[in-house]
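According to Swiss-Prot:
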type    : residues                                              : note
BINDING : 100, 101, 102, 103, 104, 105, 106, 107, 108, 109, 110 : ATP binding site
């Protein structure tokens, strides 16, 4: 029996001004998926979820409804029809959830990317990571009803990912500045993506759109030029953050605490409730994280939180172990 364990890390979608078109991966934490290959088919469905650890029983065990197993099923269909690789055996899947659910940290994308990189290894790596990204994006449709790439693409590919187009899919990889560190703080509360999207306006004034476009362009330029001051000036979201900030207890105080501690900028991670900040050194990033946690704790909701500091992940989804 061959087993493969895949890992994919947390991601931050939107990155302030890049609503639905920009995301990045951090090095930790992340989800793990263990796939075990068996020679004999045990049921009509070739994939079974044997266990999920760390979700508190919240995620479905139905392989067609869980994002990690769903993407493996799509992968198997793809390699059969396009690579000529047939499979008559069975795959057992174990999902180890190290990312909180409904957190704004790309939890479902990490599960999908980890499962896909493991499945690809299990069958001799017939697909490129760019091919696998398509399945990871479809996994997001199962998880939240929308096939978006701002978490799925960086979870698979690492780095910053700019989504120029969905049809056709056009992803642009942007390498991070070498001294850019991310701080990610997750308050102990949940915020459903569907609700966070429901508060957004259906249309915005042209002047607001112009301001947002300017910030997106400036952020990309700042990353490419390693201009940390420009990165900080560009981390301004005039579209989603003003509507979502009231949904996160203490957000304004947390953001101000991050800036006061030396962060280049700070905003909501994805749809929240997690909050991220950028700094130009690890020491500053850690001080920023402590200040953000303290602000959450001293907010009216008195929220406990978890905090991670890491450089931007350049590797993306990866294999962490194999056995034969």
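Glycine is treated like the rest: Cβ placed from N, Cα and C.
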Output field, ATP shell: CB within 8 Å of site CB centroid, site 100, 101, 102, 103, 104, 105, 106, 107, 108, 109, 110 dropped:
10, 99, 151, 270
If you count the C-beta atoms lying within 10 Å of each candidate's C-beta, which of the binding-site residues 100, 104, 106 ends up with the smallest number?
100
Give me the non-local Cβ neighbours of residue 110 (ATP binding site): same chain, 6+ apart in sequence, Cβ-Cβ under 8 Å, ordered along the sequence.
8, 9, 10, 11, 30, 31, 99, 151, 155
Return the count of C-beta atoms lying within 10 angstroms of the C-beta of residue 102 (ATP binding site), excluding that atom itself.
21
Can you name the residues of this chain that are 6 or more positions from residue 108 (ATP binding site) yet have a C-beta less than 8 Å from its C-beta?
67, 139, 140, 142, 143, 144, 151
For residue 108 (ATP binding site), what is the secondary structure state per DSSP, taken as helix, strand or coil?
helix
